[in-house]
Amino acid sequence: MDSFWSALLEALHLVITLDSDLLEIIGLSMQVTITAVSIACLIGLPIGAAVAAFRFPGRTFLAVLLNAMMGLPPVVVGLLVYLTLSASGPLGPLGLLYTPTAMIIAQTVLVTPIVAALTRQVIEDLNTEYAEQFASMGVRAADRLAALLWDGRYALMTVALAGFGRAIAEVGAVIIVGGNINHVTRVMTTTIALETSKGNLQLALALGFILLVIAFAVNAAVMALRASAVRTAYA
Amino acid sequence: MRDLSPETEGSMSTAPHLAHSPPILTVQDLTFSAQKTVLLNAVSLNIREGSRTLIMGPNGAGKSLLLRLMHGLIKPDAGTITWKGRANASEARRFQSMVFQRPVLLRRSVFANLSFALGVHGLRGKLKADKIRAALHDAGLAHLETRPARVLSGGQQQRLSLVRALATDPEILFLDEPTANLDPASTSAIEQLIMKASARGVTIVLVTHDQGQAKRLGEDLVFLQDGEVAETGPAQTILTAPQSEPVKAWVDGRIYLGSKAGY
Ligand SMILES: Nc1ncnc2c1ncn2[C@@H]1O[C@H](COP(=O)(O)OP(=O)(O)OP(=O)(O)O)[C@@H](O)[C@H]1O
Ligand SMILES: [Mg+2]
């Protein structure tokens, strides 16, 4: 019990004094996850919206596939990205394994289906409401997609936040492709896993505390977005 | 478009100024079924250029369906729709506007709603902004310009969707019960906008249940019953001296017992 309290105190000390190792780890986590979620949105938003708004062969299959891929186990994603990037893999020559880029790729693969599937749900409802009006106005396909994405902006921001929440808290994939190398690929979750197993609890606790704060902040942001969308009837 | 002196507007006559007006839109033997039920059966009618045509009939008669078909939003099972002499013209919708029974406004400001509609028609920049401001001003909505469109009252939303429909300068305007659920003042504001458009030469096709409104706005009238045309002709004649049983019952406020709908 004594060691628990002393670890907690030391963890607080790390946070309050803005320990440089701690900041580096948080910084890399944020950089990796924000980059991955941005790419996932760039890919997932149009795909999800297109599946929702257009009829084309294979549309239902794609919708089912996206939903199924939402639940991809992170370790499996990590393994697949590892195999692709490893020396003998198809992208081996790029030498990306155990770099932040590898972690970005893994998180992007993990989050893109989530963004796309949730986007499809959001845009499908909106499209049902708008379809006839748009047909009457003669809105072209690309403009329709853009209008649906824009009018779904509040709900879609919460989709992006959901993707962020999933990626920042994920450990299985990034530890496989990143390797948790000190000062290179150590992010919050991998550090917590490693330091805990080494019995170095204060850093793990400090990072765990930060992760919790981030989770709360993301949820608060989602609730604030919802409230403001409801207030302006933009929900 | 048509030579019509303003005095004839709202005239209670049989719209003689239109007697020789050519049809802008013709519907011939239009049939539409869904789930093995015939919803419209061999409907034929003429919409004369520059006229105000009412489509009336009980709930479920097929009025909204007929508007959708005429506007080209759905395809008929049989029959033709001729726009300015061309059968099933796919480009016709560009020259038409429709106000739906329930307004569909975008999740944006009042201004942005109009901006989107005009953008679709290729307007840009200052020209577009000026046009939007003028249209809002004319409709008495100028003070609501920056308001989110979906927080407006029902009457304001209905007026905005009418303004949006007219902003693109359509040749024909389809209106599906634009004043249902509105108070007399809002109703009057909408009717004035319709009459103004009509005076500019816009052909009006209006679905309404409101007999007062029918008398105020109607020139031609098409009465639908169970997906068929029960009676058609000058609005005043039909409303004051109906010939067919369904219309007689309807004008008297009775339920037509011969209806297939079986109330
Ligand atoms: N897509 C559709 N599929 C199946 N049935 C339909 C479809 N659209 C309309 N109907 C049916 O067609 C009939 C006519 O519908 P419509 O909406 O045209 O009626 P309406 O005359 O506009 O009635 P109201 O006065 O209540 O607006 C109704 O019985 C309706 O249930
Ligand atoms: Mg209707």
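Cβ coordinates come from backbone N, Cα and C, glycine included.
Quick look at what TrEMBL annotates:
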- A:26-222: domain 'ABC transmembrane type-1' (DOMAIN)
- A:32-54: transmembrane segment (TRANSMEM)
- A:61-85: transmembrane segment (TRANSMEM)
- A:97-118: transmembrane segment (TRANSMEM)
- A:154-181: transmembrane segment (TRANSMEM)
- A:201-225: transmembrane segment (TRANSMEM)
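Beyond its flanks by at least six residues, the transmembrane segment (A:97-118) meets 28, 31-33, 35-37, 39-41, 43-45, 47-48, 51, 63, 66-67, 69-70, 72, 74, 77-78, 80-82, 85-87, 159-160, 162-163, 166-167, 170, 173-174, 176-179, 181, 184-185, 187 of its own chain at Cβ-Cβ distances under 8 Å. Below 8 angstroms of C-beta separation, residues 47-48, 51, 91-92, 94, 96-97, 102, 105-106, 109-110, 113-114, 116-118, 120, 170-177 of the same chain, each at least six residues beyond the ends of the transmembrane segment (A:61-85), sit close to that stretch. Tertiary proximity for the transmembrane segment (A:32-54) is limited to same-chain residues at least six positions away from its ends with a CB under 8 Å from its CB atoms, namely 62-63, 66, 100, 103-108, 110-124, 126-127, 141, 144-145, 148-149, 152, 156, 160, 163-164, 167-168, 174, 187.
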